[in-house]
Amino acid sequence: MTTTTQSEQDRVIIFDTTLRDGEQCPGATMTFEEKLNVARMLDDMGVDVIEAGYPFASDGDFEAVHEIAKRSKNSVICGLSRAAHKDIDRCAEAIKPAERGRIHTFLSTSPVHMKYKLQMEAAQVYEMVISSVTRARNHTDDVEWSAEDATRTEFDFLCRCIEAAIKAGATTINLPDTVGYAVPEEYRELFRKVRETVPNSDKARFSVHCHNDLGMAVANSMAGVAGGARQIECTINGIGERAGNAALEEVVMAMRVRQDRLPYWNRIETTMLTHASKTVSAATSFPVQYNKAIVGRNAFAHESGIHQDGMIKNAQTYEIMTPETVGVKGTSLVMGKHSGRAGLIHKMEELGYKLSRNQIEDVFVRFKALADRKKDVYDEDIEALVDEQLLHGQDQIKLMSLTVIAGTHGPQRATMKLDVDGQIRIEEAEGNGPVDAVFNCIKALVPHDAKLELYQVHAVTEGTDAQAEVSVRLSHEGRSMTARAADPDTLVASAKAYLGALNKIVAKRQRSVREDAPAVAVAG
């Protein structure tokens, strides 16, 4: 949205290429339905141009671009095409249903690309630029031309090609840093000099397309805008060839947060950024790194005691944007070995606890001991520490022994001995697999209606003797309880983790009873 301080000349077009360049990332292939879902989300969040695919590459890509073109409500739908006429014609057919369509055609212009990839002379490339843009312009008024590997192209030849492309009808000129070779000052100067040198540069919008091979894709993108570009080509989560592309969420928030140095604006609804990140991550099966800027799990998480103390007093001490701005519910104070008393007290208050000073000291000592042993300390862990302090007891359900018989034939069988509040119980159960047999055994020994929400196993270290760490999450009466356990035997770790979560439910229920909640037994 524009304001009195914003003008159209300061607007930056956001060109998302998640469905094209992003999907070219090895292993990031999306299904037809996933592409439609991502495109719908991009359209809803205010992306100006969606590069929906490369129609000539396959029938599947063509169909996806064609269907997205039919469904788009707000965005320009763009298809990529090589300089060959058959590619351009196929691209034009794919985007035809779009209310606003664009053909994006490209050709390499650097000496190394012309010699080894195209095996063409500069004069031939120049003529092909004119021919391809002219062909594309016969299909649509919105044509983008890219000088592939522009940052390694001889400047005079680059300017000649740009002038010819604009004269042939290109409305957007893209100067990609195809191999992530440029540095910000160099890239800014490239755009400034090109716009000064090319006589008809005012007839087209200039675009940046930066790869992250040296980790400077976002910085280069913003430098290009400072040099006069007014379109940024980017992807959700920065996915793309090799080290990826400039991340949409990062360039958008850089402009929002640093208006003092980056006085540009865009149409992106930033509260959808986290949702967009999760959607693309799910579609591509590419996890988002925890410390990823803007949308990473730790982007608004604080563990250091000093930082937590500052955040409790004033969030601006350690956050330059509010989490709600990007669609995150709030700041997370992550409890761990670096956390201090202030952070623990704040977390306990969030969980509804009010303890005396002596009780807090006791919980804090045991919390620090736990944090030294565990990588992450969750709300449920803190609840368990407090429950132990308030209940003056240990877990009521303890594993005494476990034997599992498994093989290639017949159902698997588990025999388990538990100490349930001082009473020894032994039971045998079958299951569809050894883990199922173990959990069925627990259900037989301790009847309950908690539902299994998560079962996850990973090796703590490498090698065949590695400990298995198992995470189990149980839901009961709208509340989830998570527990982890490690053991060289995966099945023993599984049993311990399940019982750990079940013990937390029991402790939670007992605390509710003390607070005059209805006394409903979880375990019999």
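Note: Cβ is positioned from N, Cα and C throughout, glycine not excepted.
For the recorded site, HIS211 (Mn(2+) binding site), the DSSP three-state label reads strand. Every protein chain considered, the tally of other Cβ atoms within 10 Å of the Cβ of HIS211 (Mn(2+) binding site) stands at 25. The Mn(2+) binding site feature in Swiss-Prot is assigned to ASP21, HIS209, HIS211, ASN245.
Residues annotated as domain 'Pyruvate carboxyltransferase' in Swiss-Prot: 12-274.
The region 'Regulatory domain' feature in Swiss-Prot is assigned to 398-524; the stated evidence is sequence analysis. Here the region 'Regulatory domain' (398-524) returns a mean pLDDT of 83 for the predicted model.
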Worksheet item: Given the Mn(2+) site residues ASP21, HIS209, HIS211, ASN245, which other residues of that chain have a Cβ within 8 Å of the mean position of their Cβ atoms, reported in sequence order?
Response: THR17, PRO176, THR178, CYS210, ALA217, GLU233, CYS234, THR235, GLY240, GLU241, GLY244, ALA246
Worksheet item: Which number gives the other C-beta atoms within 10 angstroms of the C-beta of ASN245 (Mn(2+) binding site), all protein chains shown included?
Response: 31
Response to the item:
Within 10 angstroms of the C-beta of HIS209 (Mn(2+) binding site), the count of other C-beta atoms across all shown chains comes to 28
